[in-house]
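Enquirer: If you scroll down you'll find the structure; I have some questions about it.
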Amino acid sequence: MKLTKAVFRFRRTNLSTLLVITYLVITTLYVWDHFRYHFTLPSDYNYAQMLADAWLDLEIITQYPHPYASHANDKVHDYLLDRVKEITRDSMFAEISDDYGMGLRTLFRQEDAISGTKESTVVYYESSNVLARVQGRNSALDGLLLSAHYDSVPSGYGATDDGMGVVSMLAILTHYVKNQPERTLVFNFNNNQEFGLAGASAFFEHPWSKEISYVINLEGTGAGGKAVLFRTSDVSTAQVYAEAVRQQPFGNSMYQQGFYNGHIGTETDFQVYEDQGLRGWDIAFYRPRNLYHTAKDTVLYTSKQALWHMLHTALQLTDYMAINKPDMEDTSNAVYFDLFGKWFVVWSARSLFYWNCIILALFPSILAILFLVAYDMQLLKFNFWDAMLRLPVSVCLAYFCVKLFQVLVGQLNPYVFSRDYVSPILAEASMFIFMNYVILSSWERLRPLRDFKTVALVEVSMVLWIYLISVTRWLRDSDYTATGLYPFTIGYTFVSIGAIIGVFCATFKAKLNPEDDSYVGDSKVDIEQQQMLMQHQYQQHSQKHSNQHSPHHSTHHSAQHSVHHSPRQSIHQVPSSEQRQRDASETPHVIISVDHTAGHQEDSEVTPLLNTGTVAPFPKPVPERVSRKSFLRNVVTSILNYDWSIQFMVVTPWVTYFTWICLDLIMGAMNQTIQESAKGTTFVTHMALIGSLLLSLPMLPFTYKLHSFAGMLFLLLAVTTAVWTIVAPPFTESSPLKLRFLQTIDLDKNNSSSVYLYGRERTFMEPILDDIPSVTKYRCVEYAGDGVDICEYNGMPPRMFNNHHEAESDWTKIMTLEILKDDRNSTSRTPYQPITAELKINVEENRVCTLNFNSTAFKNWKQGVSPLREVVILHENPSSNVTPSFYNTAMKNGYYQDEFGNDHYRWNNGITELQLHKLDFKRGYYKIGLEWIPQLLYRGYDPATSSSEEDDALGVSVTCYWGEYDTDSITDGFATTNVPAYDELRKYSPKNIIYSSKEKGMVSVTKYVEL
């Protein structure tokens, strides 16, 4: 019992040891959760074969980059179609559908997310989705869609984005053609997701889409690792995930909030499905981002373990939905997260709001009641300013030091976060803790408070209370889409409980403890009863001792002699009134928790763990009733003496764990956005600073009691990680700097062949270009005004077509523009009548072109409103016979067909861009019709606007893209790729540089025309 008391006494050694154990446990759980999937390959033969087949499929479809604008895209389509036919061949309840063969096409509008205006991009898309349907036994159940896209970006091989999703679907399809589900399953292997989410949009033109209510979308925005639940539709779907995915669930609603708030700049097909009313789950790989969309997105840089994590997660979820009819009534936004990769927690965002309101009222009320009780008992006798100011002063000074370090890193090595975000966070957190340790422990030595930790916990709780109010309001104002704010609720809850425990124990311990007159309110009767109990205990001890060793009078005399000479050695010694008054005058008073000897001699590292003193005698016998009452009081007081350990275990482990896990998830997904924009840099550095402070927060109330050895450990950690943060190279071969590439042939500038490199700073690109053999001159300027620079130089011309390599003038044979019709200057058109024109784009071996529009009062999305109101995709009919009409077919969301089968899209808020995607490489043209309003009609909106015939002109910039670069070509007798400028960059760039495509293709050809 004595050993137990000594071990749990509030001592520097005990606290520091418990802290080290806590950090070790958290680290172990984190590492185990992060890397456990490496050791969970399937042992079951069927699952192992499923994984082996999926891996083989992945190796085949990722042999070449296969964007929509490439011939390799057709090869992947054909392979998937053959595999689906092979899988479903012998099934009586499975069927397939090929959009390519059906000739399915669509014309739809996308909002202009960049400008935030009502102006929009219109997309014409010829689909080559491959679909399979497994008919369920129960037709009353709504269908489930599984979706993944098989196209890649031009610079990537598409292993993670999104080959793993595709082969996971093939494996699941193989399973269900042998095991008929209750619910109908539809598999959509869709195309052209990378540049417009077109394949998902085209799905809703297919008749099978009418059967679907739920969707599982598989995506990849990283390069392996674990597949996370990016987002889910509502509480019901989140609960389905929790019940279905029992092995290694992984998800967090912070990512969901990132999509809702626009912090995640890219979108997945899930957005299209959700906009069409489907409910479901968006599952994706999310890190590392710097290998995403690059030549390292191959099977060499991922693993079977990562593939199995996605496949198994999707399989568990599909299995659950295929045979169950879950309750899907709750459609409110969900808050969710996993615990240790073992359990999955789901709340309603609205319930979180109500819970926040409750605890914001409850916890302060409990603390107020306890303080009122203490005040009524006259226990609040302490120097208020001395007690309340020391933590704020310490935090401010420590924050100043950490902020200086952050500024220093920003000047010397700002991009280190892209490679390693853990070291800067640990440096800032350990520096913050060490500075608070020095300040608070020194202050405690100069002006000791008996229980500063409780005072500090109350203060931290007050600060979190204020912040939680703003968080709760944010949650309400966001219409409950701010689903990533739950960590603040958890942090405030645990810290407030710790503060309540401290104040509660201190209040009632002061009432029960009669040993210290500094606790006003204890009666003399209680003191006498305590003395009588101690006398009774002593007499029993003395009687036993005298029977075994010596005559009673000798033992009694010896005991008296011992007490007379060594009164401070008694474990139950009651100090004299004079001594108590002296202690009370020297120590500031607060309702604090102390051990049973506190107030007279504070424990230190030289205090014995086990007190070996004797027990003092008392002359009077004690009644049995008083003895039992005092004994119980003694037990309760002893329990209350260890409140510090309860406070520590409630606050520090849980708040630290949740803070670190959430911080790691955010930084792991966003740290490499520091390469993409100044906004990304600001977000990452500020998040690291805020995260390090929050990580230190649960330790602050206990820092003053740390052992000096623990303080030195924090100092050592701070110095080591700080030095590494400053001197570490920000980019390495395994964590490279990503630059974006585009080569453009401008037919309006003498067929100039310009290479454009986009990167975070020109200081990274200029040394690279200095070492490229063919580059003699380049120019670098700021691009887009967000910290991104662009470098331009004349590069080796691309070799896309074997019959057009001889001279630069031959590029005019690859793309030309014909104006088939233009009535802007026609006398038959009235000044108020819309202007119409028809344009033919002749382009060789092409699938993708984009048209951007401008006028004297409008330039893309930068200013004004686009005058273009309608676009027409003209098919095989003669252009002179086409008469646009609103009444030939019903208009649906701006789209309709005329009697000639031409596709129309009308949007009266202005069309900014038209994207054209066709499948047939051999059909060497696009024919489009345009309708825009004259500037004269704008006078009603702006009287100062003048109009002329030139003002009504519509500028059209046509850009066509080619997506393949890895195809062999012969140039001057040497083997090369189709884009030798890109090949040269890859060959002569440092190992810590990697390239990604900027646009829909590696090469673009542009031409401007005015209508």
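Quick reminder: no glycine exception, Cβ is built from N, Cα and C everywhere.
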Enquirer: Going by the Zn(2+) 2 site in Swiss-Prot, where ASP161, GLU194 are listed, which of the candidates HIS66, HIS293, HIS309, HIS312 is also part of it?
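Expert: Among HIS66, HIS293, HIS309, HIS312, only HIS293 appears alongside ASP161, GLU194 as Zn(2+) 2-binding in Swiss-Prot.
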Enquirer: Do ARG11 and THR703 come out on the same side of the membrane in Swiss-Prot's annotation?
Expert: yes
Enquirer: Considering the residues ASN14, ASN751, which is the one that Swiss-Prot annotates as N-linked glycosylation site?
Expert: ASN751
Enquirer: By the record in Swiss-Prot, which of ASN671, ASN750 is the one labelled N-linked glycosylation site?
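Expert: Swiss-Prot annotates N-linked glycosylation site at ASN671; the rest carry no such entry.
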Enquirer: Could you tell me which three-state DSSP class ASN854 (N-linked glycosylation site) falls into?
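Expert: Going by the DSSP assignment, ASN854 (N-linked glycosylation site) falls within a strand, counted as strand.
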Enquirer: Using CB atoms and a 10 A radius, I'd like the single residue among the glycosylation sites ASN671, ASN751, ASN825, ASN854 with the highest neighbour count.
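Expert: Selected residue: ASN671.
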Enquirer: Across all the protein chains here, work out how many other Cβ atoms are within 10 Å of the Cβ of TYR292 (site 'Transition state stabilizer').
Expert: 23
Enquirer: For ASN671 (N-linked glycosylation site), what is the secondary structure state per DSSP, taken as helix, strand or coil?
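Expert: Where ASN671 (N-linked glycosylation site) sits, the three-state DSSP reduction gives helix.
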Enquirer: With DSSP as the reference, give the number of residues of the topological domain 'Vacuolar' (473-487) in helix, strand and coil.
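Expert: Helix (H, G, I), strand (E, B), coil: 7 helix, 0 strand, 8 coil.
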Enquirer: Select the closest residue to TYR292 (site 'Transition state stabilizer') from the following glycosylation sites, measuring between CA atoms: ASN671, ASN751, ASN825, ASN854.
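Expert: For TYR292 (site 'Transition state stabilizer'), the spatially nearest of the glycosylation sites is ASN671.
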Enquirer: If I take the Cα of ASN751 (N-linked glycosylation site) as reference, which of the glycosylation sites ASN671, ASN825, ASN854 has the closest Cα?
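Expert: Its closest listed neighbour, by Cα, is ASN854.
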Enquirer: Go through the chain and flag residues at least 6 beyond the ends of the transmembrane segment (421-441) whose CB is under 8 A from any CB in it; none is fine as an answer.
Expert: 390-391, 393-395, 397-399, 401-402, 405-406, 409, 452, 663, 667-668, 671, 684, 688-689, 691-693, 695-696, 699-700, 703-706, 711, 714-715, 717-718, 721-722, 724-725, 728
Enquirer: Distance between ASN825 (N-linked glycosylation site) and ASN854 (N-linked glycosylation site) at the Cα atoms, whole Å?
Expert: 18
